[in-house]
Amino acid sequence: MIIGVPKEIKNNENRVALTPAGAQELIKRGHTVYVETNAGEGSGFSNEEYLKAGAQMIDKAAEVFSLAEMIMKVKEPIEQEYKLIKKDQLVFTYFHFASYEPLTKAMITSGAICLAYETVERVDGSLPLLIPMSEVAGRMSIQEGAKYLEKPLKGRGILLGGVPGVKPAKVLILGGGVVGTNAAKIAAGMGADVTIMDLNLNRLRYLDDVMPKNVHTMVSNEYAIREMVKDHDLIIGGVLVPGAKAPKLITKDMLKTMRPGTVLVDVAVDQGGCIETCRPTTHEDPTYIIDDVVHYCVANMPGAVPYTSTLALTNATLPYAIKLANQGWKKACQESLELRNGLNVMFGDVVYKGVSDAFNLPYTDVKKYL
Ligand SMILES: NC(=O)c1ccc[n+]([C@@H]2O[C@H](COP(=O)([O-])OP(=O)(O)OC[C@H]3O[C@@H](n4cnc5c(N)ncnc54)[C@H](O)[C@@H]3O)[C@@H](O)[C@H]2O)c1
């Protein structure tokens with residue numbers, strides 16, 4: 001198969017979908033890999049390293065898209081890439097369709113086969129291609145939150161871990177999944193007083209077992225959230241309803257009850273956000289303030305730590321990319337339920353229920369194409 005790896009062009013996105021090591025694994029199985037010149041630069045991989053691995057470097061993104069049977073990317077295609085995606089081309093990347101209608105419509109029009117990292121799902125419901133980025137974003141949410149709690153950055157001016165004789169900050173984490181657990185681990189390590197809220201009681205039982213003493217668990221409901229936000233310094237949004245928009249757990253009116261300088265980090269922003277006042281921001285301008293509450297809503301948080309993120313992501317995506325390249329998308333998706341679950345839009349049809357529901361678009365059973 002011919003595989004194309006364009007350079008990511010979304011603001012401050014420095015990750016790359018394939019490392020030189022990954023390229024070598026594909027090439028040694030007989031595949032051809034085209035990498036756009038400098039695609040790996042932001043993650044610390046030089047053109048020479050790709051060449052040494054056997055890949056071919058191409059100067060123009062348009063040429064990479066035009067040559068490839070499978071495009072491997074990191075972020076969802078942005079407007080200037082829409083027209084480069086061809087009919088029948090397999091595009092393997094994060095799409096997050098349910099949060100952005102123009103992208104969904106553009107991919108329907110393209111006739112491409114869109115296999116979304118975020119909905120590749122195992123039988124047990126786990127999302128193997130979301131996990132590594134959620135681990136990064138979860139850990140980073142506390143690092144960023146701690147920074148924006150500083151007074152010069154408009155926060156409350158409270159140190160996460162406190163000091164002897166002064167209480168630590170209170171951290172509230174909505175969602176006890178991968179983001180929430182990783183956030184809790186870092187916050188707890190820094191000495192904060194942490195509460196994780198989730199709907200899933202079994203998950204809370206597990207977290208209660210494995211987390212240190214300064215992490216508490218609570219069932220999530222509107223009443224409890226309304227009470228908790230009043231005295232928490234840092235609030236992390238890490239909920240997920242797979243393939244659908246995030247539920248709005250913090251509403252606009254709750255902001256007025258928070259203390260000035262409270263920091264909200266809505267990690268779920270890529271699924272529309274679980275805070276009503278959340279709108280996507282970039283690493284260049286990551287925060288804004290409403291009602292004296294600092295909002296940090298960067299949609300591609302792992303993009304700021306590309307070295308860690310690229311390795312974490314490609315560790316997880318490469319086995320799937322090899323399967324797709326070796327067998328072709330059809331056989332690979334027939335054999336693997338995980339990959340089949342990743343199909344969202346193909347040949348002009350929406351084949352993922354959460355996406356068709358989000359925009360009231362007709363739903364086509366994926367079996368039509370398998
Ligand atoms: N901004 C970024 O850069 C970035 C990076 C990685 C992941 N994310 C996003 O972070 C979000 C969380 O990802 P994850 O991997 O932790 O998902 P996950 O599935 O591991 O965890 C989500 C948790 O939310 C819980 N939940 C669902 N509804 C809830 C509710 N009403 N109240 C409380 N909890 C609820 C679920 O029970 C689950 O435990 C996703 O939207 C993901 O796309 C964003």
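Placed from the backbone N, Cα and C atoms, the Cβ positions cover glycine too.
All annotation found in TrEMBL is predicted automatically rather than curated by experts.
According to TrEMBL, the active site, proton donor/acceptor annotation covers HIS96 (among others). In the three-state DSSP assignment, the secondary structure recorded for HIS96 (active site, proton donor/acceptor) is coil. Proximity of HIS96 (active site, proton donor/acceptor) to non-local residues of its own chain (separation of 6 or more, Cβ distance below 8 Å) is seen for GLU76, ALA116, GLU118, ASP270, GLN271, given in sequence order.
Reduced to three states, the DSSP call for ASP270 (active site, proton donor/acceptor) is helix. Every protein chain considered, the tally of other Cβ atoms within 10 Å of the Cβ of ASP270 (active site, proton donor/acceptor) stands at 26. Per TrEMBL, the feature active site, proton donor/acceptor maps to ASP270 (among others).
Under the heading substrate binding site, TrEMBL lists ARG15, LYS75. The Cβ of LYS75 (substrate binding site) has GLU8, LYS10, GLU13, ARG15, THR93, TYR94, ASN300, GLY303 as same-chain neighbours under 8 Å, each 6 or more residues away in sequence.
Within 10 Å of the Cβ of VAL267 (NAD(+) binding site) there are 32 other Cβ atoms, across all protein chains. The NAD(+) binding site annotation in TrEMBL covers SER134, ASP198, ARG203, SER220, 239-240, 267-270, ARG279, 298-301.
Looking only at the domain 'Alanine dehydrogenase/pyridine nucleotide transhydrogenase N-terminal' (4-137), the predicted model's pLDDT averages out at 96. Residues annotated as domain 'Alanine dehydrogenase/pyridine nucleotide transhydrogenase N-terminal' in TrEMBL: 4-137.
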Entries of ARG15, ARG203, VAL239, VAL267, ASP270 (recorded positions) sitting next to ligand 1, with Cβ under 6 Å as the cut-off: ARG203, VAL239, VAL267, ASP270
The domain 'Alanine dehydrogenase/pyridine nucleotide transhydrogenase N-terminal' (4-137): DSSP-derived helix, strand, coil residue counts: 52 helix, 21 strand, 61 coil
For the binding-site residues ARG15, ARG279, the one whose C-beta sees the most other C-beta atoms within 10 angstroms: ARG15
